[in-house]
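Lifted from TrEMBL, the feature list:
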COMPBIAS  1-12  compositional bias 'Polar residues'
COMPBIAS  19-38  compositional bias 'Basic and acidic residues'
COMPBIAS  56-67  compositional bias 'Basic and acidic residues'
COMPBIAS  256-274  compositional bias 'Acidic residues'
COMPBIAS  1317-1326  compositional bias 'Basic and acidic residues'
COMPBIAS  1327-1340  compositional bias 'Acidic residues'
COMPBIAS  1559-1590  compositional bias 'Acidic residues'
COMPBIAS  1604-1641  compositional bias 'Acidic residues'
COMPBIAS  1670-1687  compositional bias 'Acidic residues'
COMPBIAS  1702-1715  compositional bias 'Basic and acidic residues'
DOMAIN    574-652  domain 'S1 motif'
DOMAIN    673-746  domain 'S1 motif'
DOMAIN    947-1039  domain 'S1 motif'
DOMAIN    1140-1219  domain 'S1 motif'
DOMAIN    1382-1463  domain 'S1 motif'
DOMAIN    1482-1552  domain 'S1 motif'
REGION    1-78  region 'Disordered'
REGION    256-278  region 'Disordered'
REGION    1304-1340  region 'Disordered'
REGION    1556-1734  region 'Disordered'
REGION    1976-1998  region 'Disordered'
Amino acid sequence: MVAKQQDSSLLGTSFPRGGVEERRQKHTEEAENEDASKKNYKRKMKAQAEETDFLFGKKETGDVDNKKRSKKRKTSTAVEGALNAQSMLPIGGGGVSLASTSGKQKNKTSAPTIEALGFSKLAKNTKVLAVVKEVQEEFAIFSMPNLLNGYMLPIKKSGNLEEYSLPRCLRVGQTMAVSIQKVVKEQVSGGTVRKRIQVSALPQMVNTKDETAFGKPQLPVRGQIISIEDHGCLIDLGLGRRGFLSFDKIQGEYTLMDDDEEEEDSDSEMEGESESIKKKEKHILSAGRLMDFFVADDSNHGSSKTSVYSLKLPTRRNLAHHFVTPLANAQSTPYTLASITPGWLVNAKVEAVAKNGLCVTFLNNVFRGSIELGHLGGYHMPPTSKETNAIGNSSNKEEMWRKLFRKYQHFPARVIAVDAPTKLIRLTLMPHLLQYESAAVLSASLPSVGSIVENCTVVRTDPGIGALLTLPEEHSAESPGIPKKLFKSSELFQAQEFQDAACLKAVYVHISKALDGDKNDQSASVFGKEFAPGTSHSVRILGDGNLVEGVASGACAPSILESHVLTHSDLKPGQLYKQVPVIAQLKGGSILVQLGINGIRALIPPMHLSESNSTSEYRKKILKTKYAVDAKVDVRVLYVDPIRKKCTATAKKSLVKAPESEIATSYESLNLGDKVTGFVSKVEQKCMYVTFFNKVYGVVTGRSLATEMGMESIEDNYSVGDVVTCRIAKLLKKTSRRRSNAVSDEVESDEEDGQRAYWEVTLSVSVENEEAGHDENQEDFMTLSKPKEVKIQAGNILPSKSMKIVELFKGKRKEKGSFVPGYAIVSIKSKYLLDPSDEDGMVGNLECKLPFDQLLDEYSADDIESVEALDALAQSALKIGKKINQKGIILTDPHKSNVDYSSGIGKLPVVSIRKSFIQTVESQTSENESRAENLICPSPKTTLFVGALLQGYVAQIDHRYGAFVRFLDGLTGLIPKKSGGMDMPLYETVVTKVKAIDEGKGQMQLQPINPPSSAKQKARSTLPVKVGDHVDVKIEKVDFFAVTVRIMDSGIDDEKTQAILHCTMKDSALKKIKFHKKPVVNDLEKIAKGHPFHGLKAGQVLPQLTVVVAKRHRGKLQVYLTDRKLDSSKEKPAFISEQSELTPGTSTSVVVTGVAPNNKGLYVDVSPFVKGFVPGLEVTKDIKILNNLSSQISIGSKIECSVVDQSQWEENRAKNSNHNTKTTTKSKPLLFSVLAEEGDSEVTKPTRGGLIIGRVQRSLKQAQSPALMVALRGGFVGRCCITELDENDDWANMPIGRIREVKKSVKGADEDGGDMEVDKEPKETENDSDDDNEESDSEFADGKYVECRVLKGVPKHSLVDLSLRSSRIEGDLDDDTAPLEGETVRAYVIETNKKGCFLRLARGIEGRVTLKELCDGYLPDPAASFPTGRLVVGRVKTVREAPKKKGKHAINPVKFLVDLDMRESTLLDQKKLLTFDDITVNTKYKGTVARVEKYGVFVQIKDSKVSGLAHMSECSDKYIKNLGGLYDPGDLVKLLVTKKNAENKTLGFSLKASHFKDDEDSDDSSVEDDDESVDEEMLDAEGLDSDDENFGAKLAARIQRDGDSDDDSSSAEDSEEDDDDDEEESVASQDDSSEEEDESPEVLMDTDVGFDWNAKGLVGKSKSDRADSSDDSESDSDDDSDDEDNEGMASTHKPRKKQAQRRREEKEISRREMALADGTADENPETAGDFERLLAGNPNSSELWIRYMAFYLSLADIPSARKVAEKAVERIEFRQEVEKLNVWTALLTLEHKYGNYDSLQKTVDRACKQCNPKHVYLRICEILVKDVAATSNPESVVRANAMFVKMCKKFKSKKKVWLAHLEYLLQNGRHQEAHSLMKRALLSLKPYKHAETMSKFAQLEFEFGSAERARTVFEGIVDRFPKRLDLFFVFVDKEIKHGTVSRARNLLENKVAEGKLSDKQMKSLFKKWFRMEEAHGSAEEQDHVKETAREYVEKTTQ
């Protein structure tokens, strides 16, 4: 009853939110019906709560009378009362329903009901206990109670400067408290609703905000590591609190991880074995890591908010077993509800047993909470049906749990959820949560995914949701159980029944996966019957489920149980699936098929859809029809990735119907000789790769194809995708990967003895009746040049010059320092070979192997000390393509082996050129042989005897047995160790005697003749120093990269010894790359600080240097030393001698040896023998450093790098067609990355929204031109559309310059700046042309690094779409909206051809302008006038959605197509145009010739869009055979309207000159007045007269007779419709038409150089003049192509064109002469001569000189423009300072835009000598300010800052320079700098300038800064200078301008009231006031001014 009274009192309290509103109302109504005794008790409790609220802190309610307290209380303090008081919370906390009682049941207690902690119960700031389930860069997934999941977004650092990477902050399996941030329901496609819960694990969200409750030593607190210091870590505790974790207060082991390091996989939470986790726990400390700490007992955690808490870091076990106990100190602040954090382990006491859980109290009954049924620590098995009948209905869940849980029972419990506003507290007894068990151990205790578990029992049914089932007892063995430390803490845990329940594991089955059939079959009623508690079912495990609940997810539906394909793990490579449905067709041509019922799909690439790889449109249509959606198809699985849930299949018939015996799915299943079927996956020049199933693949060599199939070229016979059947010819498992430049044919398989094993598979395409052989000792093979079987004998002598070297192969290293010698392939012609078994006696050419150990009879120790030395010896003696001028001998007979040599697979015949061998064999076969003791070279056929003298060579020395001597045909003997075998020189020809023969075993023991002495052998192989020796040295010479030293040892000959200490071997500190404000000066002659050799000098002695290399080289002992401490136990090699020792991901230190040109990257040295390169994109992410590498990176500094995996870069290059596909044959240096973390050099493809750094690469082929191509990390390429270079309002003309064709590199160099392929040494580069200089200084210069925002990535392509817009950089990723009809827009030209001008308005929005709508006049060459990249303006006519077309615009699909009109008349719309209805018959008009045809001329009437046809009979008064000789498109003519057809909208014109003879404006310029313009051949010799009434009939007969059979009856409408049809083709066809167009002329340079080049009077050519001047193009109009196709007409048209051109030139000369005569040429100068003539009369006119410069710039002639400026400054008189300054300003602008920094500075210095220096600096600063405003480029800002600082320093006494600097700073929002500069200005300027300077500054503040700050400055000026009305009036005007008239009025009234001015000044003041009121005030205000003035006059006159 007491508990109920407390509940009712609390339920009457209002809380902000919660899920108990209905219950509050219900209980409030019950409370109002309580008796008086209950109300009295309620008042007592309320009074007590007002005094001390233990949940929500203290309340200031005044003193409470102690007499009103209960007499039963014995404690005297408030704290003691709180410790023993009942909780103020309702029973079970919030979210618990109390059953109502009535009538007779009032005295009975009713069990409460606990509401489930579901989605609706969660709200913002609710804290729950969660387990990290998945961590990605973009998000992290948490498992939360009651099968809920939440997500967390990336964490930002303080100040929003940088984001912490989530993988560095969290780790999978980490148990921690999180705070709910957002609970929303989102609508998704299909109308469904998705529930999402966003959480946060940050300290400010999890830790309590109550300062009094925070920082108690026994409470865990959340912290985030800010930085790692020398003695500990700085921790952020949220809400401005900081903590420090000392290293000595960390429990257990820990490791520190820097920002650029990667977290090790051996994290304690992710170990697979639980025992290993318990034995070894290691904390990973890195910036950003989120952890739970304890406040140390000695921490200064007072009330100050600025104090730093001392923290300690517990182990996982200590944190799990830490109890939170009540406070024993009376002075301590009690816990509040808001201070409780999930994860607390408390001692709970059962207060009541609910229907579905427990209601408990904890912390001395102060707090109440509840434990739901699913968190009672186990799963109690429900009773069977028999037990239910026996005990009746009373056997429910409540009764079952009452057996285990009883009232007032104590046990440990962990808090899992807290919501203070709703008073909700939930706890758990789950064993794995009590001990914070590892997620890996928990997952291992559950059944494997996909397995079926029988006899699972239902323990709980959630209506409409699902059911919880327990697994059989055999699955409980792996359960964690009750923690040992907590086992004895409670009787509950010791109960056997509870232990059994705690060990049971469970699986949750959702209702959608419980039953098959319709939705009706899955209703709640049916589901409730089928899954009633106690029923048993078979369950298939689908996943790990929820890590908090510790349950798996499963399914019981029969279709899922019987399905063979449930998950991707069930798919097997090579498995055949018949008649599977096609579910989707993808854009790229791929299709998706359904393989399983659970959404398991497979992708079939286009290559695997058919046998043929044809890409024709017809083939595509067939495949689209064949593989339509819902079509059935047979497929075979190629590859399955269960982790990524991806599957690839094939539908090729050859692969689908292949026999099962030919299906290869693993390397272990392969055997020699097996036939396997696969497809060609890669074709190279020397080999091709065949891929089978499960990514098993092998290689087919080009040599074997030539031998077996007679193929000379693989690429001509095979292509990617071809199905081939091969035979396994070679199968070898190796434990080390072969290193070569080509793609390796070895594949990783497994691990053996700690080493990775690889498979090497060699294939043969010859599969009929052949068997494969195998030689385990032979690692390489070559093929015979002819397929004919060759039979030769060992011992055959080959004559001199019979062997030609065709190929050289280097040797290979083996284990323990040994190696396999290299060899040469030699070709022997048939005439040198005899085959005894062949009747012809001749065989084909033979290729043999000449090992490098068969060149000499004796080798020196230096030559065979390493494989490199032997290779060098062979390369110096053998040259490819040369013949060996020496005899040879065949050592091995390949016919003796069972290897099939005719296929070229197996070992080749081996030859030797040992002279002693050859002499012995020759003497052995000579006729003079007479003695048996003669020296012989035996073979296996030779009969041997003891004592025989044999000659052979030492092939191998084995320390176990001795020396093995080899003879002919592989015959081998042994020289035992006791006979001196170990002293035999390797590879030397020796003479031995047979000592014993064992014919049974085929063994032979030998004894050497005259064995070498051990001293001689020792002298041959011993060096005075060995690797690892420690020596003292003396420095002789110090160079920049190496120090020459002398070894201080008397036993070493200094003259024959070269000792070197390389810079890479000198011990020095690593330097981090960071930005230097002061540029770094790299001088190779001076060793600066930071260099490894800094401080060394000649004569200095260096003790105890370690020898790392000791070898003989060219007769000298070469020794390399180091002063570093070498530790062989480390993974990194102590000394790197070859590139192969560094694998991708390996971290090593390098020394910077140079900076590549154009900031391409850094040249580095790893060791004296290994060099490398660091691409610029891998150096740093700071653009300021990247664009100035030479001034930011110190040459000689040592940095830490990781080796880059070049294979990934090459793979990305192959995916990108913009790269050059040719590869270079030279060896590539190692590539390093400073950014890549150790062990992981892979760079993922940038994703949408990412902010990345790229390098502008102008040499790359533009994708979807026009665009700027950018090279990215990892071989990826970025494309920035021309519309994304800048904001729409800031677009510039031709921003990326002229589009030029990218020339393919012959050497195969990397087009993207060589970021991956570089020269091994630094090289200087020079620009070859002015264009390159221009490009290098532009905003998007080649090689410049830029910051980009990723917009999208192209699937299956290494290309990504980027943007350089400032708005995109700030985060706006929305696409531009489509324009509206009638709107004037700007766009860039994509292409101009005969079909129109194609434009790009934005990404995905393209448009077209027809040729006739480009301008009002005629354009002879539209492509030249509108080049690619030009910025144009047009008006939108129509907007429509673009059709979806496959294969087009794969990067940016076009979404909208826009039709535009760019005519000036349309844009300006100045006057009304004539329409068809306005045209009247017999009216004369002017017009322009639009097109000339054989039958007439089309003319467009001026100031209209109406055109008509002038038939050839109406074109002239005389007969004209060819109209093209008289009229040209663009000609201005007069016309007379003769016909008008209103129905067809056609007009007929007449151009006869006779119609216009009497016109007033007729002149000699008419085309009909010049009789010479018409050739005599054009006139009718038969006397045709145009006035003849039968003129038309006669003209038609004449045309027919001349062969002109064209139909002239076509109307103007038909012709125009044809023309329109040609122009109205789709925009998508522009690519096809562009191939037919000729190359456009050079694009004119942008002449916008920062000022108005077109000065007053500067007007270019008129449109008609430009048309006339450009008529020398290849065609007058695009519509003339029909005429050009007619060869007959072309032959007669050419001379007519020349005549017409000649006439136009004469007319142009005449026009120029007339202009010169009447003086109009002076107004519009058009040539250089015009300008020179004008300047001769007015040489001091800067306007003319600037226009002259603009004239040359319009011609893209920058040098000539510079010469004009130089000429101007010399000719202008020195008195004309303003004119000269204008010219210098123009020259400065030109140098700023097209020059470089040095040329600009030199121009400034020269200008200062001839003009006022101050004015020059003001002009150049103005130019730089405009550049900053236009580009916002950081370099421009730096340059402007430097120029302003220099100007102010040079002219510090001039106020104008200071004001200009102040205006620049304020305009750019740099207010603090402006205020500091103002103080400096006042100190530098004279006092009399202060007032005006401060006034100007205040005005600038009004304009660009703070108005309040400006008022403050003005008020100070006015107070200081009260009589300066000019300053005061400026103040007033500024207030009026900024809309504060009332402030201005107050200023004037106060000024009048002061009365400190004279009468004259007061008069001016009143005038100012009255004018202001007239403009802005009312009549009353004006009267007020008059009255005030009148009062002042009266006052002063008295």
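Positions of Cβ are set from backbone N, Cα and C atoms, glycine also.
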Query raised in the report: Can you name the far-off residues of the same chain, 6+ from the ends of the region 'Disordered' (1976-1998), with a Cβ under 8 Å from a Cβ of it?
Result: 1936, 1941, 1945, 1949, 1952, 1959, 1962, 1966, 1969-1970
Query raised in the report: Taking the domain 'S1 motif' (574-652) as the reference, which of 947-1039, 1140-1219, 1382-1463 gives the largest number of Cβ pairs under 8 angstroms?
Result: 1382-1463
Report task. Tell me the residue counts in helix, strand and coil for the domain 'S1 motif' (1382-1463), as DSSP assigns them. Result -> 7 helix, 39 strand, 36 coil
Query raised in the report: By DSSP, how many residues in the domain 'S1 motif' (1140-1219) are helix, how many strand, and how many coil?
Result: 25 helix, 25 strand, 30 coil
Query raised in the report: Mean pLDDT over the domain 'S1 motif' (673-746): what is the value?
Result: 77
**Report entry** Residues in the domain 'S1 motif' (1482-1552) grouped by DSSP into helix, strand and remaining coil
**Finding:** 6 helix, 36 strand, 29 coil
Report task. Take the region 'Disordered' (1976-1998) and count its residues per DSSP category (helix H/G/I, strand E/B, coil), listing them in that order. Result -> 20 helix, 0 strand, 3 coil
Requested in this report: With DSSP as the reference, give the number of residues of the domain 'S1 motif' (947-1039) in helix, strand and coil.
Outcome: 17 helix, 45 strand, 31 coil
